[in-house]
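To keep things clear, I will list the structure first and then write my remarks on it.
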């Protein structure tokens, strides 16, 4: 019989998922706040995808304590192989004999997390908003699920999941709550919470949170969950837009398949803007700006319900298939709700983020390519706005190339063809070429496209012609500031009276681009006249502080350090530390040392690299 060869596409896993596929996971965990660990067991239902040729099952682990392994109910021989940085330690489970193609084995692993777990953050009551109870939450993307339990930690494998979680505090997970069974009292003052995820998902979408959490409706199929003292303001921020966003994207792709779309507003140390955990988006409290200006994050995470969660990149080398598509769909939602000019306005903000990332890495750096080479590398190190914005610009280019009307027909086709599957960039290319093969005009344009340059060239792509109608007014205002002291311009509060928060963001980004930074006294004047230093909108405040740091305005040094102790979102934290260390490195280091235990482990590691260079994990 011929040997079965299933080449693995993901270089960032140690698992032999080319021999076995995890099709269902049962996760039974007890949340132990006093010990800061999860204790329990996971059961993998694994399907053989060879003809009895594999007698080992290899799973990813990282800093987990495995205490027992059973295969089909019987004790098994197993070992932890030597660690392979940065991928952890492979768990090798021996089988008595190979298993025929498509036959199933059940692997039951008893496991505890350890203090080196990179996926979980444990907060003391003091780190929460009402300071009453401890809190824990997970962040598994990209390769951190393996630090909670042994798994095939690759986006190229999808499983359904049953969660059985006991905790003394309410629990949220990336599944639908079994309402009649959940909250059932257990011994020792704990309750059992059960969730089912019936749509197969990759390991990085496994999510748990537990703490003092209350819920309020923000739409007919949506709730917001957060600390009781913040519930009303979070509800107000999100209730106007959430259902409108869902209705808009359902018209662009197809109906939402996950049942509920809910949002968990996390404590401020959450390292990302949002994480698209299915059913419950995990989001930063920095979007609660009391002006509904930052709910674009919700449009983005909602769009992931199609791109990323249903149709998934096969490896992190093709991350643009998750994020580029999601930014594209997010901006289509914004266009449907606010008008086409707003889509272009958002894309202009995105182009600035893309330029910043390319400048940060260097214009010929590997990580500025659309398809990256991550063999032997940590996907977290490659994380930036490049897959988001270069990916968006590629899809926007394709839309303009074939025409929006035609591209609109391709969107549901693509998301139907790969629904429940993972794919790479080459399958994407083959799919769009095949879809348009009967359209001579579109087919010619797509075949003549320089795909290799888009896929592999580092640096910036060609800049599209954006509609600048919403940015021209702020470009003009920035030019007036640049003209001081040569001009007679006198700043007034009325300069920004009619601007949205996002327009003020673009204004400040323009000021950051000045070849000659503002004089310190002008930076200070800007903050005073426009009230920027006191803005409740962190998108605005953090950029104003960066303007001040660039100017060497000492009046922003302490407010910057103060903000760095209140928010853990890397979008703000990393640039602020980079700017602060240029003008006052001792303050930057002192601020980091003071707050490093407040930050999520992922954020802490990235800031350490920014401030001190490479450090061994």
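Backbone N, Cα and C atoms are what each Cβ position is placed from, and that goes for glycine too.
Remember, predicted model here, so these are calculated numbers, not experimental data.
Counting only residues at least six positions away in the same chain, the Cβ atoms of 205, 301, 304, 305, 308, 309, 326 sit under 8 Å from the Cβ of residue 276 (peptide binding site). According to DSSP, residue 276 (peptide binding site) is assigned to coil rather than to any helix or strand. According to Swiss-Prot, the peptide binding site annotation covers 139, 140, 141, 271, 272, 273, 274, 275, 276, on the basis of similarity to another entry.
Secondary structure from DSSP puts residue 323 (Zn(2+) binding site) in a helix. For 300, 304, 323, the entry in Swiss-Prot reads Zn(2+) binding site.
Here Swiss-Prot flags 301 as active site, proton acceptor, drawing on sequence analysis. Other Cβ atoms within 10 Å of the Cβ of residue 301 (active site, proton acceptor), summed over all protein chains shown, number 27. In the three-state DSSP scheme, residue 301 (active site, proton acceptor) falls into the helix class.
The number of other CB atoms found within 10 A of the CB of residue 388 (active site, proton donor), across every protein chain shown, is 25. Summarising the annotation, Swiss-Prot assigns active site, proton donor to 388.
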- Query: Same-chain residues six or more away whose CB lies under 8 A from the CB of residue 139 (peptide binding site)?
  - Reply: 119, 121, 270, 271, 272, 275, 282, 600, 602
- Nearest to residue 300 (Zn(2+) binding site) in three-dimensional space, by Cα, is which of the recorded positions 141, 274, 388? 274
- Message: Cβ within 8 angstroms of the Cβ centroid of 300, 304, 323: which residues besides those meet this for the Zn(2+) site?
- Response: 274, 276, 301, 303, 307, 308, 322, 325, 326, 327, 329, 330, 388
- Note on the structure: The rounded CA-CA distance in Å from residue 388 (active site, proton donor) to residue 141 (peptide binding site) is 15
- Note on the structure: Ordered by sequence, the long-range same-chain Cβ contacts of residue 141 (peptide binding site) under 8 Å (at least 6 apart) are 204, 205, 275
- Item | Secondary-structure category, per DSSP, in which residue 139 (peptide binding site) falls | coil
